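So Swiss-Prot lists these for the protein:
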CARBOHYD  13  N-linked glycosylation site
CARBOHYD  29  N-linked glycosylation site
CARBOHYD  39  N-linked glycosylation site
CARBOHYD  48  N-linked glycosylation site
CARBOHYD  135  N-linked glycosylation site
TRANSMEM  145-165  transmembrane segment
């Protein structure tokens, strides 16, 4: 993938907190409700799992990814919060896409709060993004086309260079 990877823990923590705030308190409220109703050993076992967080900056957009068991995931709440939805539509879309969550786990946020994340893989993330017609989606599509064009140009340039080498030999 072309873009910038951000590994700085402070930037990741700030981004994660601000993305959770975009979700109108839903992430924190759901986490608190779930935490009250389950055995705390479930939370502790999830927190002991190794989950790496990374930000991927692609064009003007930032994505927070969670790396677990050799796979990349993102929080469904974060993706839907980028779609300019009203609170009612946000909740409706969450209910629609919850069955596609690949993984749910407790992850410690930078401010010390345990958050119950509903994680989706990159394929599901792309499917969700492309199913909307928001400013974010239009920007995402334009940036994908731009990067594909750059890759195409680089491949054609390599073919041209190889043809020159072949002619000279």
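Glycine is no exception: its Cβ is also placed from the backbone N, Cα and C atoms.
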Hey, which of the glycosylation sites 13, 29, 48, 135 is the loneliest by Cβ count within 10 Å?
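It is 48 that, of the glycosylation sites 13, 29, 48, 135, has the fewest other Cβ atoms within 10 Å.
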Tell me the Cα distance separating residue 135 (N-linked glycosylation site) from residue 48 (N-linked glycosylation site), rounded to the nearest angstrom.
38
According to DSSP, folded down to helix, strand and coil, what is residue 48 (N-linked glycosylation site)?
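SS state of residue 48 (N-linked glycosylation site) = coil.
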How big is the Cα-to-Cα gap, in Å, between residue 13 (N-linked glycosylation site) and residue 29 (N-linked glycosylation site)?
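That comes out at 19 Å between the alpha carbons.
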List the Cα distance (Å, whole number) between residue 135 (N-linked glycosylation site) and residue 29 (N-linked glycosylation site).
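So the Cα of residue 29 (N-linked glycosylation site) lies 27 Å away from that of residue 135 (N-linked glycosylation site).
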